[in-house]
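J.: The structure is given below, and queries will be raised subsequently.
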Amino acid sequence: MIKQRTLKNIVCTTGIGLHTGQEVTLTLYPALANTGIIYRRIDLNPPVDFCVNIESVGSTFLCTCLKNNTYGVQVLTVEHLSAAQSGLGIDNIIIELNGPEVPIMDGSADPFVSLLLKAGIKELNSSKNFFRLKQIVRVEDGDRWAELRPFNGFTLDFTIDYDHPVVNMKNKHYFFNFTSKSFRSEISSARTFGFVDNIQKLKNCGFVLGGSLTSSVVMDKYQVVNSEGLRFNNELVRHKILDAVGDLFMCGYNLIGSFIGFKSGHTLNNKLLRAVLARRKAWEITSCIQGCDVSKIF
């Protein structure tokens, strides 16, 4: 068994919200064992807390949001920071922000991984719990689908399917065997992406107001617009895996199981997690994973 983790020190950063376009300061605090992941909006009076669990997930249109039904407010775009926390196996943290949205940074989880490592990781004197799959659960939406199945480890198998010259048979699929080390080297730096035609339509509707070439991969009808190009030939599908890592962390624990997704996104990932939780025999919270050395994963 391994121990729960939190931060050693307080750290902060400032950035722009992808959808709101607002500047926001993010401050991360250590937390006691069994606190869980708590987001706190201090721009509101009184400050409002959002505890990470599946029932707290609100809108999943274009991003994953957490809601507080008591106050009727949300915190937007938590998935990249959540992926970074999951990637480093952090169980307990308080995240203060002075605005409605987690900053987009460079469009990946890498700046958040660096921020968390700058704070330092501290072990607590309590066993780490995991969300372990015991049965296969699958959800579908037209030709899109997502599935979780039992596995003594954590793997993600993802396929995208865009009718675009940048996407081809060689870079539309990726299989990822999750460890903290492999997450940092293979997944965390993959950036969010969009298409020029869609971006202007979304801006007209009040979304992606903070989007830019420094915070996402942008493609016109033929190619990547960013002068630096892609970080990986298959950066797009790697980012979809990053999103899935963050979305699955909405259960509040690191997951032990195998995820398979075909054209899945935030909404279907959330639907899958809710379908799993609705089947009580399909999962368990446990600190002991027989047949799996979790110390090699985290």
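First residue shown is number 1, and so on along the chain.
Cβ atoms here come from the backbone N, Cα and C positions, even for glycine.
So Swiss-Prot lists these for the protein:
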BINDING   His80, His239, Asp243  Zn(2+) binding site
ACT_SITE  His266  active site, proton donor
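Where in this structure would I find these features, and how exposed are they?
T.: His80 (Zn(2+) binding site) counts 31 other C-beta atoms within 10 Å of its own C-beta, drawing on all protein chains shown. The DSSP secondary structure for His80 (Zn(2+) binding site) is helix.
Its Cβ placed at the centre, His266 (active site, proton donor) has 22 other Cβ atoms within 10 Å. In the three-state DSSP assignment, the secondary structure recorded for His266 (active site, proton donor) is helix.
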J.: If I take the Cα of His266 (active site, proton donor) as reference, which of the binding-site residues His80, His239, Asp243 has the closest Cα?
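T.: Smallest Cα separation from His266 (active site, proton donor) among His80, His239, Asp243: Asp243.
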J.: Within a 10 Å radius of its Cβ, which of these binding-site residues (His239, Asp243) has the fewest neighbouring Cβ atoms?
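T.: Counting other Cβ atoms within 10 Å of each of the binding-site residues His239, Asp243 gives the minimum at Asp243.
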